[in-house]
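Written out below as structure tokens is the structure these notes cover.
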Amino acid sequence: MTEQKITFADQKRKTVEIAEFTEDGRYKRKVRSFVLRTGRLSEFQRNMMNNNWATLGLEYQTTAFDFTQIYGNTNPVILEIGFGMGKSLVEMALQNPDKNYLGIEVHTPGVGACIAYAVEKQVKNLRVICHDATEILQDCIADNSLAGLQLFFPDPWHKTKHHKRRIVQPHFVEKIQQKLVPNGFVHMATDWENYAEYMLEVLTSAVGLHNTSATNDYIPRPDFRPLTKFEQRGHKLGHGVWDLFFIKNIT
């Protein structure tokens, strides 16, 4: 019996770099690896990652990305954190060829599926990263370089004792605000009302951001945000969906 070759995609599946924090939730510059127990990476997804990473994938680095070099233009860059299987991200890239999209996802089946769909649709204005988002924001994204941040249906960690694990925290939003250009946007969506209320509280408290909602809370689902499988799941479960759209002030 021949031993199966460990490919690039297999290595991505087994380890991913994550950030660590102090007891009060502040980021500290220390990196460790851990075994990521994800869903099965199909042979098709594995091949898509192995064969297309050079053109669609980016690796973590300790210096800021040069977006002009990466995309070959100076179009605005929109970052999406946690794109799942990537269908809506690819669709947004297709609908907006005058914008560049950068997606972060730690689960390799989703990364493989996103790359496959991007290849199928011949998308050129999209790059993906399989790495912890906090590390990428800290080291790879220059201040005042992003036109927008999208965070759609992140894990709600609905148990109270797990709320500290939610990605939306004051220090996270503070970091996002630093990375946005003036008039850059933060667009979040969730199908958990408690998480929506918490997102609203954190975003409203952030210095340098203002809410675009006419009622100073949530906005109707915008036409430019494609329906995701998580949103469809929420509808089936009778959940509402809450969109938040904040803009960075011009100072």
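For all residues, glycine too, the Cβ spot is worked out from N, Cα and C.
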For the S-adenosyl-L-methionine site that Swiss-Prot assigns to Glu105, Asp132, Asp155, which of the candidates Glu59, Glu80, Glu193, Glu197 is also assigned?
Glu80
If you take the centroid of the Cβ atoms of Glu80, Glu105, Asp132, Asp155, the listed S-adenosyl-L-methionine site, which other residues of that chain have their Cβ within 8 Å of it?
Ile81, Gly82, Phe83, Ile104, Val106, His107, Ala133, Pro154, Ile167
What three-state class does DSSP give Lys159 (substrate binding site)?
coil
Thr228 (substrate binding site): secondary structure state under DSSP, collapsed to three categories:
coil
Let me check the 10 A CB neighbour count of Asp191 (substrate binding site). How many other CB atoms are there?
22
Of these binding-site residues, Glu80, Glu105, Glu231, which scores lowest on Cβ atoms within 10 Å?
Glu231
For Lys159 (substrate binding site), list the number of other Cβ atoms lying within 10 Å of its Cβ atom.
8
